[in-house]
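Notes follow once the structure below has been shown.
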Amino acid sequence: MRFGHSLWSANQLPEQEVSWIRKRDLHILTVGILTYTTDQRFQTVHRDGSDEWTLKISSPQLRDSGTYECQVSTESKISQAFNLSVVVSKAKINGNSELYIKSGSDINLTCIVLQTPEPPSFIYWYKGDHVINYSQRGGINVVTQTRTSRLLISKALPADSGNYTCAPSTAESASVLVHVLNGGDIVPTSSKGKESDKLLHSIRSGHSLWSANQLPAQGVKQLLNAQMRSLKS
């Protein structure tokens, strides 16, 4: 069995005796090489002189998952069932969906393509609507291996802030929102939370990466305000 195909071998049987049936509703899909459904994605592929009868499903969808049975209309009622599972290939960027990077540090994103029967022919990275694999910015490195792609942007600046998308050729894309911040501009104003002290210590210690769920709400607001001041200056 192959993705989107079910294969049946019936030696020396005339075309009209081989049928494909969808078990969930007992719907006859094909008889011989004729299609008996209004869904034209289904067809039987058969070569003259061959004993193979292949049910081909073009552009398979999740609802196509289930059991399909090939039947031969003989007295012995020969049949064979095949189970088809259709999965959605999708990309995943490791880490949180929103990242905070200290200016001058590196943006390091890793994308993994999941649930794909074959490796994608390419994986592109976008910032907004623009492909950045071949950006003229400089300091950008993309390393792609089979189902994994890594994007490295050296010495990130506030101008590098934005929505980054990993887009494989054969899978749903994934995105992450990156904020590049000037940490030196941040001065926590809360006087009654140890979280603010931890945030200030993190900035002074030169930590380069924060995620939204690791920061107090007040700290996140101050980070974004600092980002806006930096972009306006």
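Any Cβ shown, glycine's included, is placed from N, Cα and C.
Not measured: the values here are computed from a predicted model.
Copied over from TrEMBL:
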- 1-83: domain 'Ig-like' (DOMAIN)
- 84-177: domain 'Ig-like' (DOMAIN)
Mean predicted confidence [pLDDT] for the domain 'Ig-like' (84-177): 93
The domain 'Ig-like' (1-83) - residue tally per DSSP class, helix then strand then coil: 6 helix, 41 strand, 36 coil
